[in-house]
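Annotated features, as they stand in TrEMBL:
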TRANSMEM  27-57  transmembrane segment
TRANSMEM  78-98  transmembrane segment
TRANSMEM  110-131  transmembrane segment
TRANSMEM  151-172  transmembrane segment
TRANSMEM  200-221  transmembrane segment
TRANSMEM  269-290  transmembrane segment
TRANSMEM  302-321  transmembrane segment
TRANSMEM  347-373  transmembrane segment
TRANSMEM  394-415  transmembrane segment
Amino acid sequence: MDASQVSQITDMMYALRNPAGLPTYPIIFIGLSVLTFALHILFVQLMLGTSAITLIGAFSQNAYWRRLGAAMLEVAKVSVSVAIVIGVAPLLFVQVVYDPHWYTSNVLSADWVIGFIIFLILGYWAMYYYYFVNGANQDKSATPKARWSMLLSLALMLLVGFIMHSLTSQILHPELWKSWYLQQNGMLDYTGDKLHEWNLWRYAFFISLSIPVAGGMLVTYRRFKSVRSDADHAYLNWAAEVGKKWIKVGSVISTALYVGWMMTLPETAGNFATSLWGILAGVMVLFYAIWAQVRLKGEARFCSYMALPVALVIGLIVATSREILRYDILNGFFHYNFWDYKIVFDWYSTGLFFLTFAIVGGVVLSYFLTIAWKAGQTVGVYTPSAFVNKLGTLSIWIVVLWVVQFFIVGFYVWAR
Ligand code: HEM
């Protein structure tokens, strides 16, 4: 590509940029995008990994695997909801800062973007179908029914992830957008029925991290359940040993796939693969295996609870590196710089966002997590304390207040 071609592509991207500008500094959007992507992908990996354990349990004759499969299904069905909800956040941020890229990529593959929702709903239903037909009160050591539905669920989730991966990959190739619109006969292709770009190393890398993340979940599971008076320690210790193995083996597999990804980066990425961030992300993934080897010996009463937070910190480093790669390609090669986005300050919406995050999210989430935590560690029926009940009432009031201010401000702006 010569300089004039690159400059045409730069102009094209700037022409597609939203002239309305951003309500606050672009770096805030990028920061939140990295943070929320790391959370999204952690729950995606937790969902995929625990779904895989559910499937191993469903097809195994081993009583421990059967039991573990049933227990991990509980984690999978919560994780899929969290992954979806948290997935919305990076979607909002990426479409604000990289709007020319995100929308072009979406329009080029519009059928797949719509299909994404349908596949996701079907995958979600299939998981719940499996859950309901193998109801909570049934014998967990019996062969589960409708195993096909759990298989279908995992396959659909992988497809959904692949669509996301492809949309993200298409963003990185503005030099190809026009050729993707043109058919062989010179006509424009408006169908949006193709996915045009992907990198199987990159996709496999993000998916493979499900193995160590699920391993981290198993170690946490042992620690969490071991305090109950009815705990079966032999079973829980076995589960934690499986978890440690998954962290170690999975991290090594993921590191190998990461190297494959770095070796297949497009030329437009320059020398990202050998840069500090390019190397750091891979090293940190491998570090998880070393951390597990050193810190998860024996019962590891404290460090067991650290297994998932450590995975999140590593995920944050990977997410940062992934974002720097995008910046290196789009700014470094194609001279599209999100830093020069026009800013039209809107302090109310920025303030509302952070307050919602901190107060609504903080209080309501604390309530839900407290209830879930206590219920999981209680034998029989859990009765919340007066304090937890107050937290519940406060959560309801905070949500009500939020909705009221939403309408008041909305009507005020509308009436002006
Ligand atoms: C539940 C099934 C899902 C799976 C398995 C999945 C998987 C993935 C994967 C593997 C990536 C990384 C792609 C890459 O960088 O190569 C990704 C990114 C992303 N996902 Fe998901 N995802 C799921 C659901 C969702 C949902 C429901 C949303 C939004 C409503 C969402 C929003 C996003 C966004 C915004 C990105 C980052 C896009 C970017 O930075 O360019 N995902 N997802």
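Yeah, the Cβs are placed from backbone N, Cα and C, and that goes for glycine too.
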Non-local residues, at least 6 beyond the ends, that sit with Cβ under 8 Å of the transmembrane segment (27-57): 65-70, 72-73, 75-76, 79-80, 82-83, 86-87, 89-90, 93-94, 96-97, 127, 130, 144, 147, 150-151, 153-154, 157-158, 161, 206-207, 209-211, 213-215, 217-218, 246, 308, 311-312, 315-316, 318-320, 322-323, 338-339, 350
Non-local residues, at least 6 beyond the ends, that sit with Cβ under 8 Å of the transmembrane segment (78-98): 22, 26, 29-30, 32-33, 36-37, 39-40, 43-44, 46-47, 50, 120, 123-124, 127, 157, 171, 326, 330, 338, 341
Distant-in-sequence neighbours of the transmembrane segment (110-131), which means Cβ under 8 A and at least six residues beyond its ends: 51, 54, 73, 76-77, 80, 84, 144, 146-147, 149-150, 152-157, 159-160, 163-164, 166-167, 191-195
Chain residues outside the transmembrane segment (269-290) and at least six past its termini with a C-beta under 8 angstroms from it: 209, 212, 247-249, 251-252, 254-255, 258-259, 262-263, 310-311, 314, 317-318, 320-322, 324-325, 328-329, 332-333
